[in-house]
Amino acid sequence: MSRPVIIALDFPTSDQALAFLDQFPQTPPVTVKIGMELFYAAGPAIVKAVQARGHAVFLDLKLHDIPNTVGSAMRVIGRLGVRYTTVHAAGGHVMLAAAKRGLVAGAAAAGLPAPKLLAITQLTSTDQAMLNTDQQIPGSVQASVVHYAQLAQASHCDGVICSAQEVAAIHQAVGADFLGITPGIRPLSATADDQQRVMTPTAAAQAGSNGLVVGRPITQASDPVTAYTEIVKEWSNAND
Ligand SMILES: O=C(O)c1cc(=O)[nH]c(=O)n1[C@@H]1O[C@H](COP(=O)(O)O)[C@@H](O)[C@H]1O
């Protein structure tokens, strides 16, 4: 799927994650996001287990540290054969560029294509008040997200993670080829949970999102495969 619906595999153990995943057919393969919770519990072995089933992995560890540390960690991630990985744009230009260099070098050493590097802009759980008070960043959320997208592009990232609410402004500022992958996706029937900047799959497609990240509306559904299939159908129809 060139515009994937990525399932956030947010589970505390490998057994739970794989039991969930094995409800899905292996064909067509799905793309799953392995984040901090599952990776801290299960390590690189869970990446291999998902790949062994033929599915693609988005490894979401949101690195944010000094440039040398991030570059070295990305060199290791580059060897894992994942399709996407993340870093915080707030780490700045030197850190982002080191992340990209590390990722490309690690992948090349393993003879693999480099994963796409996505920079986190403002988390979708952040609202206007939190931006201005907790982070002491003046101005609008959209202005901050567009700024981070410009910084990420200038630092050789392949795209950003943002809310679908900002995707159109990002594409206008940095071009439509720069990926805007969007969590905070909620079908009309779903609750927002801790997300602040949400959109439906249809609205995200209309805004130009390059891919959805969806967790609880699928993982906590009584029938996850049907929930996923419905979201894919809504997303595909809106992209046609
Ligand atoms: O990097 C992410 O994937 C991410 C960035 C962001 O701004 N907001 C966000 O929700 N996410 C992740 O996307 C997933 C969303 O999960 P749900 O809210 O359950 O759909 C979680 O795994 C979050 O860690």
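Any Cβ shown, glycine's included, is placed from N, Cα and C.
Record features, source TrEMBL:
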type	residues	note
DOMAIN	4-231	domain 'Orotidine 5'-phosphate decarboxylase'
BINDING	Asp10, Lys33, 60-69, Thr124, Arg186, Gln195, 215-216	substrate binding site
ACT_SITE	Lys62	active site, proton donor
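On the 0 to 100 pLDDT scale, the domain 'Orotidine 5'-phosphate decarboxylase' (4-231) averages 98 in this prediction. Most other Cβ atoms within 10 A: among the recorded positions Asp10, Lys62, His64, Thr124, Gly215, that distinction falls to Thr124.
If you take the Cα of Gly215 (substrate binding site) and the Cα of the residue listed as 'active site, proton donor', they are about 17 angstrom apart, rounded to a whole number.
Checking the binding-site residues Asp10, Leu61, His64, Pro67, Gly215 against ligand 1, the ones whose Cβ sits under 6 Å from it are Asp10, Gly215.
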